[in-house]
Amino acid sequence: MKQISNSLRNSNKIPIWFMRQAGRYLPEYKKVRETTKNFLDFCFDVNKATEVTLQPIRRYGLDAAIIFSDILVLPSALGWEVDFKENIGPVLKQFKSQKDFQYLQRDSNNKLENVFKIIKKVKEKLPSNTSLIGFAGSPWTVMSYMLEGKGKRDFITSKKFVYENKILAKDLLNFITEKTADYLINQAKSGADILKIFDSWSGVLAEDDFTEFVIEPTKKIILKVKEVFINIPIITFPKGAGLLYEKFIKEVPIDILAVDQMVPLEKMKEWSNKVIVQGNLDPVVLLTNKEIIEEKTYKILQGMKGKNFIFNLGHGILPETPPENVEFLTKYIRLYEKKNSNSTF
């Protein structure tokens with residue numbers, strides 16, 4: 001994992017990267033983004049996606065780049081109708097019955113080929129000491145978007161569907177699970193050093209459903225990927241899992257666990273004895289001022305001192321975040337490292 005793995009072996013070095021580190025808060029991103037109207041077209045544009053992936057690395061000198069893409073690239077590549085509408089977000093054809101399987105293609109690699117080209121091109125341009133992260137949405141989260149037709153907070157339609165259509169729901173889940181594993185394997189073949197599975201909506205499920213729709217498919221994906229790339233680190237992020245994080249840790253063969261900002265620091269410390277923990281500064285903190293950023297960051301750094309830890313946010317950088325605050329945060333962590341290594345902090 002290059003820089004990240006080297007950092008973890010050196011207890012004084014804290015690996016840093018941010019979810020949505022390439023995005024709407026950066027003026028250089030906006031300049032490139034405005035050249036393409038359709039968001040999915042932008043994600044599949046090799047030159048433009050490569051450029052915006054590299055922008056935060058140039059600006060902040062982070063330890064990892066994450067490919068600029070979207071979790072809904074996969075269902076789109078599988079033939080599912082996906083659109084991104086301004087001020088609304090993703091809008092999808094709703095999956096309602098068995099007949100909707102006819103719209104899903106078994107082979108997505110042709111359309112995803114540009115994603116793999118982006119990974120290869122970024123890898124060529126990335127500093128040699130910087131890790132490259134590829135990613136996909138979790139089967140449950142991708143499936144939820146397909147069942148809802150758009151992003152929601154409660155996912156009532158999705159949960160009602162799986163309760164009433166258990167066999168069909170499981171068929172859809174298994175299909176997405178298989179395709180997600182293949183997608184991640186091909187990202188690794190293209191040069192990704194680390195892989196991440198984003199489960200944005202795992203927190204809406206009760207325990208039994210969490211086991212069936214989050215834990216089991218995640219295990220299948222990891223095991224399938226590891227059959228081909230046994231040593232590739234995989235980051236899992238069951239956002240909002242709450243008390244079920246512990247069940248997830250116990251039952252999923254985790255390398256790195258990303259946690260949201262609701263997870264107590266004491267739990268992060270405890271879990272870091274079993275897995276590498278990534279997190280978990282509240283993204284809203286970056287909307288404030290340097291004093292608050294320093295205060296909140298120091299608490300996390302002190303709490304995770306000497307632990308298996310990667311610094312990140314509890315979710316993605318918000319669009320209204322001042323870039324200078326991200327720069328301050330990054331420099332503050334580097335200063336903490338330096339002072340800590342000299343035992344004067």
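Any Cβ shown, glycine's included, is placed from N, Cα and C.
Annotated substrate binding site per Swiss-Prot: Arg20, Gln21, Ala22, Gly23, Arg24, Phe39, Asp70, Tyr145, Ser200, His315, in sequence order, evidence recorded as sequence analysis. DSSP gives Ala22 (substrate binding site) a coil state; it is part of no helix or strand. Around Ala22 (substrate binding site), the same-chain residues six or more apart in sequence whose CB sits under 8 Å from its CB are Tyr29, Val52, Thr53, Gln55, Pro56, Ile66, Phe68, listed in sequence order.
Summarising the environment of Asp70 (substrate binding site), the number of other Cβ atoms within 10 Å of its Cβ, over all protein chains shown, is 17. For Asp70, the entry in Swiss-Prot reads site 'Transition state stabilizer'.
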Within 10 angstroms of the C-beta of Arg24 (substrate binding site), the count of other C-beta atoms across all shown chains comes to 14
For substrate, with binding residues Arg20, Gln21, Ala22, Gly23, Arg24, Phe39, Asp70, Tyr145, Ser200, His315 per the record, max Cα distance (Å, no decimals) returned as 23
Students should find that the Cβ of Arg20 (substrate binding site) has, within 10 Å, a number of other Cβ atoms equal to 18
For Ser200 (substrate binding site), the same-chain residues 6+ apart in sequence with C-beta under 8 angstroms from its C-beta are Ile71, Gly137, Ser138, Thr141, Phe237, Lys239
